[in-house]
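Student: The structure follows.
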Amino acid sequence: MQTTFPAAPLLPASRLPRSFTLQYAGLLVFMIGDGVEVGYLSPFLVQTGQTEHFVALLFTAYGLFAALAAWFSGLLCDIFGSRAVMTAGLLFWIVPQLLFLGVAIPAHSSALLLLTYGLRGAGYPLFSYGLLTLLVTTIRQDRLGRAVGLFWFCFTCGLPTVGSIVAQLLLPVYGQYITLWIALLGVGAGGLLAVLPLPTTPRAEKGSLKDIGPTLRETVRQIRHNPGVGLACIVRAVNSSATHGLIVFMPFFFTGRLGLSQDVWIRFLEIIFASNIVFNLLIGFASDYISWRQTIIWFGGIGSAVSCVGLYWIPLLYAHSSLLAVYGSAAVFGMTLAGYVPLSALTPSLLPDHKGIAMSLLNLGAGSSVWIGPFIVYLFEGAVGTQGIILIYAALFLASAILTFFITPPSLTRPDRTSSQALPQSEGVPS
């Protein structure tokens, strides 16, 4: 007999995206705080005495914890509810960060840096993907594309777009170290704004840690019977790997090899994600009416492979003759990354009776990208340099397009713009 593990809804089913206004706002503020450090933490740690190689390892450790937390976020939401998972994420962010700032950095301890910053990696996935799981289990299917588009709009608006802008405003006044403390306050404020309005899961609906084992076994069973879910996990990992790797080595490429200022690098990063913000929203809306899968293949995978190569060659060729061209390459890359947005709608459609499991696998992919990107830098930068790393990322984008071709969701009908129940399809092929 098949055992199911339905997600316990915190709010009535068939909700609309506007029902979660406070949660979207809280996510935005939380991710702004999380994104303040992105543009300068790597150079800051090198200035305190750490090596660039160690920083790549540190970011890899952070990513490993993020991957585990992202994977379990959906499963834990099934058991304890999204509110509890989001609260745990907030605590996992704040407590290790207090130790990272108050103990590890002043002590110049590599071991403490790895431990505290690594543990903090579990914070934002539990918080943000707990919210994402709530959205996909409670929002009407015909509004799901725009709901996840809004989610990624708020997510990337904070990390690192507005976060980097806030950093540029704070750094000249407070310096690098104090700015990190201010960011912590922002994370706390955003977390409380999102979590406090949510109702607590009734005790009768709560599970226990004993439920994790059966749920993991069910997850393995679902992957065997629905391999497309596993492919979606891999594609999601590729989606963000490059962006998490760029923040490790590209600051040194811009300021060292190209001779540009840190402000130019931070602005370059801001433009990537500002572009991504706009197109996350637009593609989220459009994908409800065209094709989830084809959007991922052509706009996401193939488009990102081409634009990723431009991140190296265009700055190399035009750094001192046309900053407009340099910033343009960043905008195009951010735009093509948005082609992966429909994954958040496509993946749960593969397991309509196990959306929590589907989201846990998607979140595992998202979390894995946080360590895969820096780990590629850690392994290969010494051998292949910046150009080689960029080409590796481009190859991964192409591979993700190929994998997406083999993801076949349940049969859907072409969306009827007059019907609230229609679902997207493209060119007669379910996507």
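Every residue gets a Cβ built from N, Cα and C, even glycine.
Quick paste of what TrEMBL says about this protein:
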DOMAIN    19-412  domain 'Major facilitator superfamily (MFS) profile'
TRANSMEM  21-42  transmembrane segment
TRANSMEM  54-77  transmembrane segment
TRANSMEM  84-105  transmembrane segment
TRANSMEM  117-137  transmembrane segment
TRANSMEM  149-171  transmembrane segment
TRANSMEM  177-198  transmembrane segment
TRANSMEM  264-283  transmembrane segment
TRANSMEM  295-318  transmembrane segment
TRANSMEM  324-346  transmembrane segment
TRANSMEM  358-380  transmembrane segment
TRANSMEM  386-407  transmembrane segment
Student: Do the transmembrane segment (324-346) and the transmembrane segment (149-171) share at least 3 Cβ pairs closer than 8 Å, excluding pairs fewer than 6 residues apart in sequence?
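Tutor: Yes, these stretches are in contact.
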Student: Considering only Cβ pairs within less than 8 angstroms, which of the stretches 54-77, 84-105, 264-283 has the most against the transmembrane segment (21-42)?
Tutor: 264-283
Student: What else in the chain is close to the transmembrane segment (264-283), if you only count residues 6 or more beyond its ends and a Cβ gap under 8 Å?
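Tutor: Apart from its flanks, the transmembrane segment (264-283) reaches 38-40, 149-150, 152-153, 156-157, 159-161, 164-165, 167-168, 243, 246-247, 250-251, 254-255, 295, 299, 315, 323, 326-327, 330-335, 337-339, 341-342.
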Student: Ranking 54-77, 84-105, 117-137, 149-171, 386-407 by the number of C-beta pairs under 8 Å to the transmembrane segment (358-380), which range is first?
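Tutor: The listed stretch sharing the most Cβ pairs with the transmembrane segment (358-380) is 54-77.
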Student: Averaged over the domain 'Major facilitator superfamily (MFS) profile' (19-412), what pLDDT does the predicted model reach?
Tutor: 90
Student: Other than its close neighbours in sequence, what residues sit by the transmembrane segment (54-77), given a CB gap under 8 Å and a spacing of at least six beyond its ends?
Tutor: 7, 42, 45-46, 84-85, 88-89, 92, 110, 113-114, 117-126, 129-130, 133-134, 137, 212, 215-216, 219, 244, 247-249, 356-375, 377-378, 381
Student: Sequence gap of 6 or more, Cβ distance under 8 Å, 3 or more pairs: do the transmembrane segment (84-105) and the transmembrane segment (295-318) meet that?
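Tutor: Contact between the transmembrane segment (84-105) and the transmembrane segment (295-318): absent.
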